[in-house]
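Listed features, source TrEMBL:
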type    : residues                                                               : note
BINDING : Asp130, Leu131, Thr132, Arg157, Gln173, Asp177, Arg326, Tyr330, Tyr331 : L-histidine binding site
DOMAIN  : 3-59                                                                   : domain 'WHEP-TRS'
DOMAIN  : 37-393                                                                 : domain 'Aminoacyl-transfer RNA synthetases class-II family profile'
Amino acid sequence: MADRATLEDLVRLQGERVRALKQQKASAEQIEEEVAKLLKLKAQLGPDEGKQKFVLKTPKGTRDYSPRQMAVREKVFDVIISCFKRHGAEVIDTPVFELKETLTGKYGEDSKLIYDLKDQGGELLSLRYDLTVPFARYLAMNKLTNIKRYHIAKVYRRDNPAMTRGRYREFYQCDFDIAGQFDPMIPDAECLKIMCEILSSLQIGDFLVKVNDRRILDGTFAICGVPDSKFRTICSSVDKLDKVSWEEVKSEMVGEKGLAPEVADRIGDYVQQHGGVSLVEQLLQDPKLSQNKQALEGLGDLKLLFEYLTLFGIADKISFDLSLARGLDYYTGVIFEAVLLQPPAQAGEEPLGVGSVAAGGRYDGLVGMFDPKGRKVPCVGLSIGVERIFSIVEQRLEAVKEKVRTTETQVLVASAQKKLLEERLKLISELWDAGIKAELLYKKNPKLLNQLQYCEEAGIPLVAIIGEQELKDGVIKLRSVASREEVDVRREDLVEEIRRKTSQPLCIC
(Lines of atoms letter the chains of each structure in order from A and count residues from 1; the text may use other names and numbers.)
(Lines give C-alpha, C1' and ligand atoms only; values in the text may rest on other atoms or scores of the structure.)
Protein backbone atom coordinates (compact mmCIF):
# COMPACT_ATOMS: atom_id res chain seq x y z
CA MET A 1 0.00 0.00 0.00
CA ALA A 2 1.29 3.46 -0.93
CA ASP A 3 2.44 5.65 1.92
CA ARG A 4 0.16 8.45 3.19
CA ALA A 5 2.03 11.30 1.47
CA THR A 6 1.75 9.56 -1.93
CA LEU A 7 -1.98 8.91 -1.42
CA GLU A 8 -2.56 12.57 -0.42
CA ASP A 9 -0.87 13.66 -3.67
CA LEU A 10 -3.04 11.25 -5.68
CA VAL A 11 -6.21 12.55 -3.97
CA ARG A 12 -5.18 16.14 -4.71
CA LEU A 13 -4.46 15.39 -8.39
CA GLN A 14 -7.68 13.40 -8.80
CA GLY A 15 -9.65 16.26 -7.16
CA GLU A 16 -8.13 18.70 -9.65
CA ARG A 17 -9.08 16.36 -12.50
CA VAL A 18 -12.73 16.21 -11.32
CA ARG A 19 -12.90 20.02 -11.03
CA ALA A 20 -11.39 20.45 -14.52
CA LEU A 21 -13.96 18.05 -16.04
CA LYS A 22 -16.80 20.00 -14.40
CA GLN A 23 -15.44 23.30 -15.76
CA GLN A 24 -15.17 21.72 -19.24
CA LYS A 25 -18.80 20.53 -18.90
CA ALA A 26 -17.76 16.92 -19.57
CA SER A 27 -20.42 14.21 -19.76
CA ALA A 28 -22.11 13.15 -16.51
CA GLU A 29 -20.86 9.56 -16.99
CA GLN A 30 -17.22 10.69 -17.28
CA ILE A 31 -17.49 12.96 -14.20
CA GLU A 32 -19.20 10.18 -12.23
CA GLU A 33 -16.41 7.74 -13.12
CA GLU A 34 -13.68 10.14 -11.98
CA VAL A 35 -15.58 11.02 -8.76
CA ALA A 36 -15.78 7.29 -8.00
CA LYS A 37 -11.98 7.04 -8.36
CA LEU A 38 -11.58 10.05 -6.04
CA LEU A 39 -13.81 8.48 -3.39
CA LYS A 40 -11.90 5.21 -3.64
CA LEU A 41 -8.59 7.04 -3.06
CA LYS A 42 -10.10 8.94 -0.09
CA ALA A 43 -11.29 5.66 1.40
CA GLN A 44 -7.75 4.25 1.12
CA LEU A 45 -6.42 7.39 2.75
CA GLY A 46 -8.76 7.01 5.77
CA PRO A 47 -9.19 9.62 8.50
CA ASP A 48 -6.19 11.71 9.49
CA GLU A 49 -6.26 11.73 13.28
CA GLY A 50 -3.79 14.56 13.45
CA LYS A 51 -5.79 16.84 11.12
CA GLN A 52 -9.34 16.25 12.36
CA LYS A 53 -11.48 19.33 11.72
CA PHE A 54 -14.01 20.50 14.31
CA VAL A 55 -17.02 22.67 13.60
CA LEU A 56 -16.85 25.29 16.33
CA LYS A 57 -20.49 26.09 17.02
CA THR A 58 -23.10 25.44 19.66
CA PRO A 59 -25.91 23.01 18.73
CA LYS A 60 -29.00 24.47 17.08
CA GLY A 61 -31.26 26.27 19.55
CA THR A 62 -28.56 26.71 22.21
CA ARG A 63 -26.13 29.48 23.09
CA ASP A 64 -23.16 30.38 25.26
CA TYR A 65 -23.44 33.19 27.79
CA SER A 66 -20.68 35.78 28.14
CA PRO A 67 -19.78 37.24 31.57
CA ARG A 68 -21.86 40.32 30.70
CA GLN A 69 -24.89 38.21 29.80
CA MET A 70 -24.46 36.12 32.94
CA ALA A 71 -24.37 39.28 35.06
CA VAL A 72 -27.75 40.30 33.60
CA ARG A 73 -29.06 36.76 34.12
CA GLU A 74 -28.00 36.68 37.78
CA LYS A 75 -29.72 40.01 38.49
CA VAL A 76 -32.96 38.72 36.91
CA PHE A 77 -32.74 35.48 38.89
CA ASP A 78 -32.14 37.45 42.11
CA VAL A 79 -35.38 39.41 41.57
CA ILE A 80 -37.35 36.23 40.86
CA ILE A 81 -35.91 34.15 43.70
CA SER A 82 -36.32 36.91 46.29
CA CYS A 83 -40.01 37.17 45.32
CA PHE A 84 -40.51 33.38 45.60
CA LYS A 85 -38.85 33.41 49.02
CA ARG A 86 -40.90 36.42 50.13
CA HIS A 87 -43.98 34.27 49.55
CA GLY A 88 -42.63 31.40 51.67
CA ALA A 89 -41.49 28.93 49.01
CA GLU A 90 -39.03 26.08 49.55
CA VAL A 91 -36.67 24.97 46.76
CA ILE A 92 -36.29 21.51 45.20
CA ASP A 93 -34.39 19.96 42.27
CA THR A 94 -35.09 16.92 40.08
CA PRO A 95 -33.05 14.98 37.45
CA VAL A 96 -32.58 16.59 34.04
CA PHE A 97 -33.94 13.38 32.47
CA GLU A 98 -36.95 11.29 33.45
CA LEU A 99 -38.31 7.88 32.48
CA LYS A 100 -39.95 8.32 29.09
CA GLU A 101 -43.26 6.94 30.41
CA THR A 102 -43.29 9.72 33.07
CA LEU A 103 -43.48 12.40 30.36
CA THR A 104 -45.59 10.55 27.77
CA GLY A 105 -49.18 11.72 27.32
CA LYS A 106 -48.91 14.87 29.44
CA TYR A 107 -48.32 17.55 26.80
CA GLY A 108 -50.92 16.96 24.08
CA GLU A 109 -49.70 17.92 20.60
CA ASP A 110 -46.43 19.22 22.07
CA SER A 111 -45.34 15.66 23.00
CA LYS A 112 -43.54 15.48 19.64
CA LEU A 113 -41.11 18.11 20.97
CA ILE A 114 -39.74 15.84 23.73
CA TYR A 115 -36.08 14.80 23.37
CA ASP A 116 -35.77 11.01 23.69
CA LEU A 117 -32.38 9.57 24.76
CA LYS A 118 -30.79 6.37 23.48
CA ASP A 119 -31.40 3.23 25.58
CA GLN A 120 -28.75 3.29 28.32
CA GLY A 121 -29.17 -0.28 29.52
CA GLY A 122 -32.83 -1.05 30.05
CA GLU A 123 -34.34 2.36 30.83
CA LEU A 124 -36.04 4.46 28.15
CA LEU A 125 -35.32 8.07 29.10
CA SER A 126 -36.27 11.54 27.88
CA LEU A 127 -34.98 15.02 28.72
CA ARG A 128 -37.50 16.94 30.81
CA TYR A 129 -39.85 19.14 28.78
CA ASP A 130 -40.89 21.31 31.72
CA LEU A 131 -40.60 21.36 35.52
CA THR A 132 -44.29 20.70 36.27
CA VAL A 133 -44.54 17.01 35.35
CA PRO A 134 -41.32 16.14 37.28
CA PHE A 135 -42.80 18.06 40.25
CA ALA A 136 -45.99 15.99 40.09
CA ARG A 137 -43.90 12.80 39.93
CA TYR A 138 -41.87 14.03 42.93
CA LEU A 139 -45.07 14.63 44.96
CA ALA A 140 -46.52 11.19 44.14
CA MET A 141 -43.23 9.35 44.73
CA ASN A 142 -42.67 11.02 48.13
CA LYS A 143 -46.37 10.85 49.12
CA LEU A 144 -46.47 14.63 49.68
CA THR A 145 -49.86 16.32 49.84
CA ASN A 146 -48.81 19.84 50.79
CA ILE A 147 -45.85 21.98 49.66
CA LYS A 148 -45.11 25.46 48.33
CA ARG A 149 -41.99 25.18 46.21
CA TYR A 150 -39.93 26.90 43.55
CA HIS A 151 -37.60 25.26 41.05
CA ILE A 152 -35.23 26.97 38.60
CA ALA A 153 -33.59 24.67 36.05
CA LYS A 154 -33.04 23.96 32.36
CA VAL A 155 -35.62 22.18 30.20
CA TYR A 156 -35.38 20.87 26.63
CA ARG A 157 -37.68 21.04 23.59
CA ARG A 158 -37.10 19.98 19.97
CA ASP A 159 -38.74 23.19 18.80
CA ASN A 160 -37.88 25.40 15.85
CA PRO A 161 -35.85 28.01 17.72
CA ALA A 162 -36.37 31.74 17.28
CA MET A 163 -33.34 32.85 19.25
CA THR A 164 -33.77 36.58 18.68
CA ARG A 165 -37.15 36.31 20.45
CA GLY A 166 -35.77 34.28 23.34
CA ARG A 167 -36.95 30.85 22.12
CA TYR A 168 -34.42 28.02 22.42
CA ARG A 169 -34.17 24.24 22.54
CA GLU A 170 -32.38 24.43 25.90
CA PHE A 171 -33.66 27.08 28.28
CA TYR A 172 -34.34 27.93 31.90
CA GLN A 173 -37.74 27.80 33.55
CA CYS A 174 -38.50 29.47 36.88
CA ASP A 175 -41.47 27.72 38.47
CA PHE A 176 -43.48 28.41 41.62
CA ASP A 177 -46.23 25.98 42.67
CA ILE A 178 -48.61 25.53 45.58
CA ALA A 179 -49.75 21.93 46.16
CA GLY A 180 -52.47 21.03 48.65
CA GLN A 181 -56.18 21.09 49.43
CA PHE A 182 -57.13 24.71 50.15
CA ASP A 183 -60.18 26.96 49.85
CA PRO A 184 -60.95 27.98 46.25
CA MET A 185 -58.93 30.63 44.45
CA ILE A 186 -56.75 31.81 47.37
CA PRO A 187 -53.55 30.06 46.11
CA ASP A 188 -54.49 30.94 42.51
CA ALA A 189 -54.75 34.63 43.41
CA GLU A 190 -51.35 34.52 45.15
CA CYS A 191 -49.77 33.02 42.00
CA LEU A 192 -51.11 35.93 39.95
CA LYS A 193 -49.88 38.39 42.59
CA ILE A 194 -46.38 36.85 42.40
CA MET A 195 -46.41 37.09 38.61
CA CYS A 196 -47.31 40.79 38.76
CA GLU A 197 -44.72 41.51 41.48
CA ILE A 198 -41.90 39.93 39.46
CA LEU A 199 -42.81 41.59 36.14
CA SER A 200 -43.18 44.98 37.84
CA SER A 201 -39.83 44.59 39.67
CA LEU A 202 -38.00 43.72 36.45
CA GLN A 203 -39.23 46.96 34.80
CA ILE A 204 -39.42 45.44 31.33
CA GLY A 205 -42.50 47.38 30.27
CA ASP A 206 -46.28 47.38 30.60
CA PHE A 207 -47.88 43.95 30.77
CA LEU A 208 -51.30 42.31 30.89
CA VAL A 209 -52.20 38.99 32.48
CA LYS A 210 -54.83 37.05 30.53
CA VAL A 211 -56.97 34.69 32.61
CA ASN A 212 -59.39 31.92 31.61
CA ASP A 213 -60.55 28.56 32.95
CA ARG A 214 -60.32 25.19 31.22
CA ARG A 215 -63.82 24.35 32.51
CA ILE A 216 -65.24 27.43 30.78
CA LEU A 217 -63.47 26.42 27.55
CA ASP A 218 -64.69 22.82 27.77
CA GLY A 219 -68.20 24.03 28.59
CA THR A 220 -68.08 26.40 25.60
CA PHE A 221 -66.96 23.56 23.30
CA ALA A 222 -69.76 21.33 24.63
CA ILE A 223 -72.59 23.84 24.08
CA CYS A 224 -71.20 24.70 20.63
CA GLY A 225 -71.35 21.04 19.56
CA VAL A 226 -67.68 19.97 19.58
CA PRO A 227 -67.40 16.17 20.01
CA ASP A 228 -65.68 15.13 23.29
CA SER A 229 -62.88 13.44 21.32
CA LYS A 230 -61.95 16.75 19.67
CA PHE A 231 -61.86 18.96 22.81
CA ARG A 232 -58.07 18.94 23.26
CA THR A 233 -57.20 19.31 19.59
CA ILE A 234 -59.67 22.23 19.17
CA CYS A 235 -58.23 23.70 22.37
CA SER A 236 -54.76 23.81 20.77
CA SER A 237 -56.24 25.61 17.74
CA VAL A 238 -57.92 28.26 19.91
CA ASP A 239 -54.59 28.75 21.73
CA LYS A 240 -53.13 30.18 18.48
CA LEU A 241 -55.52 33.15 18.47
CA ASP A 242 -52.90 35.43 20.02
CA LYS A 243 -50.64 34.81 17.00
CA VAL A 244 -52.99 34.41 14.01
CA SER A 245 -56.43 35.66 12.96
CA TRP A 246 -59.74 33.97 13.76
CA GLU A 247 -60.16 33.14 10.05
CA GLU A 248 -56.91 31.12 10.10
CA VAL A 249 -57.88 29.35 13.33
CA LYS A 250 -61.32 28.52 11.92
CA SER A 251 -59.72 27.23 8.71
CA GLU A 252 -57.52 24.87 10.76
CA MET A 253 -60.48 23.66 12.83
CA VAL A 254 -62.60 22.92 9.76
CA GLY A 255 -59.98 21.96 7.17
CA GLU A 256 -57.44 20.03 9.24
CA LYS A 257 -59.43 18.88 12.28
CA GLY A 258 -62.77 18.08 10.65
CA LEU A 259 -65.00 20.42 12.67
CA ALA A 260 -68.31 21.50 11.12
CA PRO A 261 -68.17 25.17 9.96
CA GLU A 262 -71.28 26.15 11.95
CA VAL A 263 -69.74 24.68 15.15
CA ALA A 264 -66.56 26.69 14.53
CA ASP A 265 -68.65 29.86 14.06
CA ARG A 266 -70.42 29.27 17.39
CA ILE A 267 -67.01 28.85 19.10
CA GLY A 268 -65.85 32.09 17.46
CA ASP A 269 -68.72 34.04 19.02
CA TYR A 270 -67.38 33.16 22.47
CA VAL A 271 -63.59 32.95 22.18
CA GLN A 272 -63.19 36.41 20.64
CA GLN A 273 -64.53 38.07 23.82
CA HIS A 274 -62.34 39.58 26.53
CA GLY A 275 -62.91 41.90 29.49
CA GLY A 276 -63.01 42.02 33.27
CA VAL A 277 -65.34 40.81 36.00
CA SER A 278 -68.30 42.35 34.11
CA LEU A 279 -67.72 39.79 31.32
CA VAL A 280 -67.76 36.99 33.91
CA GLU A 281 -71.12 38.26 35.20
CA GLN A 282 -72.43 38.60 31.65
CA LEU A 283 -71.53 34.98 30.84
CA LEU A 284 -73.11 33.77 34.10
CA GLN A 285 -76.37 35.11 32.56
CA ASP A 286 -75.68 33.51 29.14
CA PRO A 287 -78.71 31.24 28.46
CA LYS A 288 -76.60 28.41 27.00
CA LEU A 289 -73.32 28.64 28.94
CA SER A 290 -75.07 28.99 32.32
CA GLN A 291 -76.74 25.61 31.70
CA ASN A 292 -73.36 23.85 31.50
CA LYS A 293 -72.22 22.59 34.94
CA GLN A 294 -68.48 22.79 34.15
CA ALA A 295 -68.66 26.30 32.71
CA LEU A 296 -70.78 27.49 35.64
CA GLU A 297 -68.20 26.22 38.15
CA GLY A 298 -65.39 27.92 36.22
CA LEU A 299 -67.24 31.24 35.99
CA GLY A 300 -68.09 31.11 39.72
CA ASP A 301 -64.42 30.58 40.59
CA LEU A 302 -63.31 33.39 38.26
CA LYS A 303 -65.76 35.80 39.91
CA LEU A 304 -64.25 34.89 43.31
CA LEU A 305 -60.72 35.20 41.86
CA PHE A 306 -61.41 38.77 40.69
CA GLU A 307 -62.56 39.67 44.23
CA TYR A 308 -59.20 38.49 45.65
CA LEU A 309 -57.23 40.17 42.85
CA THR A 310 -58.96 43.47 43.69
CA LEU A 311 -57.90 43.06 47.34
CA PHE A 312 -54.32 42.37 46.17
CA GLY A 313 -54.45 45.59 44.11
CA ILE A 314 -53.74 43.95 40.74
CA ALA A 315 -57.21 43.63 39.13
CA ASP A 316 -56.30 46.39 36.64
CA LYS A 317 -53.50 44.15 35.28
CA ILE A 318 -55.86 41.18 34.65
CA SER A 319 -58.06 40.49 31.60
CA PHE A 320 -60.58 37.65 31.33
CA ASP A 321 -59.82 36.36 27.81
CA LEU A 322 -61.87 33.47 26.41
CA SER A 323 -59.29 32.77 23.67
CA LEU A 324 -56.63 31.79 26.22
CA ALA A 325 -56.35 28.00 26.03
CA ARG A 326 -52.80 26.96 27.14
CA GLY A 327 -52.17 23.89 24.98
CA LEU A 328 -50.87 21.56 27.71
CA ASP A 329 -53.17 18.65 28.53
CA TYR A 330 -52.75 18.68 32.30
CA TYR A 331 -54.55 21.96 33.10
CA THR A 332 -57.95 21.48 34.78
CA GLY A 333 -59.07 24.91 36.05
CA VAL A 334 -57.84 28.50 36.03
CA ILE A 335 -55.16 29.25 33.41
CA PHE A 336 -53.21 32.48 32.93
CA GLU A 337 -50.58 34.06 30.72
CA ALA A 338 -48.74 37.39 31.00
CA VAL A 339 -47.94 39.30 27.81
CA LEU A 340 -45.87 42.45 27.33
CA LEU A 341 -47.78 45.30 25.76
CA GLN A 342 -46.52 47.38 22.88
CA PRO A 343 -47.65 51.02 22.98
CA PRO A 344 -50.47 51.68 20.48
CA ALA A 345 -49.47 53.08 17.10
CA GLN A 346 -52.36 55.57 17.13
CA ALA A 347 -54.03 57.32 20.03
CA GLY A 348 -57.22 55.55 21.06
CA GLU A 349 -56.08 52.11 19.88
CA GLU A 350 -55.63 49.19 22.29
CA PRO A 351 -52.03 48.24 23.16
CA LEU A 352 -50.76 45.17 21.30
CA GLY A 353 -49.39 42.05 23.03
CA VAL A 354 -45.82 41.37 21.90
CA GLY A 355 -45.15 38.02 23.54
CA SER A 356 -45.72 35.83 26.54
CA VAL A 357 -43.32 36.31 29.47
CA ALA A 358 -45.03 34.18 32.14
CA ALA A 359 -47.81 31.60 32.32
CA GLY A 360 -49.41 28.98 34.52
CA GLY A 361 -52.60 27.48 35.81
CA ARG A 362 -54.32 24.87 37.94
CA TYR A 363 -53.65 21.15 37.40
CA ASP A 364 -55.58 19.10 39.96
CA GLY A 365 -55.31 15.71 38.23
CA LEU A 366 -51.61 15.44 37.32
CA VAL A 367 -50.28 13.99 40.60
CA GLY A 368 -53.06 11.39 40.55
CA MET A 369 -51.73 10.08 37.21
CA PHE A 370 -48.56 8.96 39.05
CA ASP A 371 -50.10 7.80 42.34
CA PRO A 372 -50.73 4.00 42.41
CA LYS A 373 -54.10 4.60 44.10
CA GLY A 374 -54.93 7.62 41.96
CA ARG A 375 -54.93 10.00 44.95
CA LYS A 376 -55.20 13.57 43.72
CA VAL A 377 -53.18 16.51 45.06
CA PRO A 378 -54.63 19.82 43.82
CA CYS A 379 -51.90 22.12 42.44
CA VAL A 380 -51.62 25.57 40.96
CA GLY A 381 -48.45 27.22 39.70
CA LEU A 382 -46.72 29.66 37.41
CA SER A 383 -43.62 29.74 35.24
CA ILE A 384 -41.62 32.87 34.43
CA GLY A 385 -40.31 33.00 30.83
CA VAL A 386 -36.83 34.08 31.79
CA GLU A 387 -35.19 33.58 28.37
CA ARG A 388 -37.53 36.10 26.79
CA ILE A 389 -36.96 38.46 29.72
CA PHE A 390 -33.16 38.09 29.32
CA SER A 391 -33.48 38.99 25.63
CA ILE A 392 -35.53 42.10 26.45
CA VAL A 393 -33.15 43.28 29.20
CA GLU A 394 -30.09 42.64 26.98
CA GLN A 395 -31.62 44.58 24.07
CA ARG A 396 -32.46 47.47 26.37
CA LEU A 397 -28.93 47.63 27.79
CA GLU A 398 -27.48 47.49 24.25
CA ALA A 399 -29.75 50.31 23.13
CA VAL A 400 -28.62 52.66 25.91
CA LYS A 401 -25.00 51.41 25.76
CA GLU A 402 -25.13 50.81 29.51
CA LYS A 403 -22.02 49.33 31.10
CA VAL A 404 -22.65 46.11 33.03
CA ARG A 405 -20.33 45.03 35.80
CA THR A 406 -19.37 41.38 35.44
CA THR A 407 -17.64 41.04 38.83
CA GLU A 408 -18.52 42.12 42.37
CA THR A 409 -14.97 43.12 43.35
CA GLN A 410 -15.06 45.89 45.97
CA VAL A 411 -11.39 46.86 46.01
CA LEU A 412 -8.14 46.37 44.11
CA VAL A 413 -5.02 46.01 46.25
CA ALA A 414 -2.35 48.08 44.48
CA SER A 415 1.17 49.30 45.13
CA ALA A 416 2.70 52.66 44.33
CA GLN A 417 6.35 51.47 44.23
CA LYS A 418 8.31 48.39 43.26
CA LYS A 419 9.15 45.41 45.50
CA LEU A 420 5.86 45.47 47.43
CA LEU A 421 4.37 42.19 46.19
CA GLU A 422 4.70 40.53 49.63
CA GLU A 423 2.85 43.44 51.28
CA ARG A 424 0.10 43.28 48.65
CA LEU A 425 -0.31 39.53 49.20
CA LYS A 426 -0.47 39.99 53.00
CA LEU A 427 -3.09 42.76 52.71
CA ILE A 428 -5.30 40.97 50.19
CA SER A 429 -5.25 37.86 52.36
CA GLU A 430 -6.48 39.93 55.31
CA LEU A 431 -9.28 41.37 53.17
CA TRP A 432 -10.35 37.96 51.82
CA ASP A 433 -10.39 36.53 55.35
CA ALA A 434 -12.65 39.40 56.41
CA GLY A 435 -15.10 38.61 53.55
CA ILE A 436 -14.10 41.54 51.33
CA LYS A 437 -14.22 40.92 47.56
CA ALA A 438 -10.73 41.93 46.45
CA GLU A 439 -8.33 41.49 43.52
CA LEU A 440 -4.71 42.28 42.67
CA LEU A 441 -2.77 42.27 39.40
CA TYR A 442 -0.65 39.16 38.84
CA LYS A 443 2.63 41.08 38.39
CA LYS A 444 5.50 41.60 40.78
CA ASN A 445 5.90 45.29 40.03
CA PRO A 446 2.83 46.61 38.20
CA LYS A 447 2.70 50.29 37.27
CA LEU A 448 0.21 52.29 39.34
CA LEU A 449 -1.39 53.71 36.18
CA ASN A 450 -2.05 50.18 34.85
CA GLN A 451 -3.65 49.22 38.17
CA LEU A 452 -5.94 52.26 38.13
CA GLN A 453 -6.90 51.64 34.49
CA TYR A 454 -7.83 48.04 35.33
CA CYS A 455 -10.19 49.35 38.03
CA GLU A 456 -11.89 51.71 35.58
CA GLU A 457 -12.32 48.98 32.94
CA ALA A 458 -13.66 46.42 35.45
CA GLY A 459 -15.84 48.89 37.35
CA ILE A 460 -14.01 48.30 40.66
CA PRO A 461 -14.99 51.23 42.90
CA LEU A 462 -12.01 51.36 45.30
CA VAL A 463 -8.21 50.97 45.26
CA ALA A 464 -6.22 50.17 48.41
CA ILE A 465 -2.75 51.57 47.69
CA ILE A 466 0.32 50.43 49.62
CA GLY A 467 3.45 52.58 49.56
CA GLU A 468 6.64 52.69 51.63
CA GLN A 469 5.46 55.77 53.56
CA GLU A 470 2.04 54.17 54.23
CA LEU A 471 3.75 51.06 55.63
CA LYS A 472 5.82 53.23 58.02
CA ASP A 473 2.70 55.18 59.14
CA GLY A 474 0.53 52.02 59.56
CA VAL A 475 -2.08 53.29 57.06
CA ILE A 476 -3.47 52.34 53.66
CA LYS A 477 -4.36 54.96 51.03
CA LEU A 478 -7.97 54.25 49.97
CA ARG A 479 -8.81 55.83 46.60
CA SER A 480 -12.27 56.21 45.08
CA VAL A 481 -11.94 55.39 41.37
CA ALA A 482 -14.91 57.54 40.31
CA SER A 483 -14.09 60.74 42.26
CA ARG A 484 -10.30 60.16 42.54
CA GLU A 485 -10.49 61.22 46.17
CA GLU A 486 -7.88 59.62 48.45
CA VAL A 487 -7.95 59.16 52.23
CA ASP A 488 -5.46 57.54 54.58
CA VAL A 489 -7.15 54.78 56.61
CA ARG A 490 -5.61 52.99 59.58
CA ARG A 491 -4.94 49.39 58.59
CA GLU A 492 -7.18 48.02 61.39
CA ASP A 493 -10.08 50.22 60.16
CA LEU A 494 -9.68 49.36 56.46
CA VAL A 495 -12.23 46.51 56.32
CA GLU A 496 -14.95 48.61 57.95
CA GLU A 497 -14.23 51.59 55.68
CA ILE A 498 -14.41 49.43 52.52
CA ARG A 499 -17.72 47.98 53.71
CA ARG A 500 -19.09 51.45 54.41
CA LYS A 501 -18.06 52.84 51.02
CA THR A 502 -19.42 49.86 49.01
CA SER A 503 -22.65 49.24 50.91
CA GLN A 504 -24.81 50.87 48.21
CA PRO A 505 -26.44 48.13 46.06
CA LEU A 506 -25.24 48.08 42.46
CA CYS A 507 -27.98 47.86 39.83
CA ILE A 508 -27.73 46.95 36.16
CA CYS A 509 -31.37 47.27 35.24
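Each residue, glycine too, has its Cβ placed from N, Cα and C.
TrEMBL feature annotations superimposed on the structure.
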{"residue": "Asp130", "record": "L-histidine binding site", "Cβ within 10 Å": "19"}
{"residue": "Thr132", "record": "L-histidine binding site", "Cβ within 10 Å": "26"}
{"residue": "Gln173", "record": "L-histidine binding site", "Cβ within 10 Å": "19"}
{"residue": "Arg326", "record": "L-histidine binding site", "Cβ within 10 Å": "22"}
{"residue": "Tyr331", "record": "L-histidine binding site", "Cβ within 10 Å": "25"}
(message) On the 0 to 100 pLDDT scale, where does the domain 'WHEP-TRS' (3-59) sit on average?
(response) 83
(request) Go ahead and report the DSSP secondary structure tallies for the domain 'WHEP-TRS' (3-59): helix first, then strand, then coil. (result) 41 helix, 0 strand, 16 coil
(request) Mind computing the max CA-CA distance among Asp130, Leu131, Thr132, Arg157, Gln173, Asp177, Arg326, Tyr330, Tyr331, which the record assigns to L-histidine binding, rounded to whole Å? (result) 21
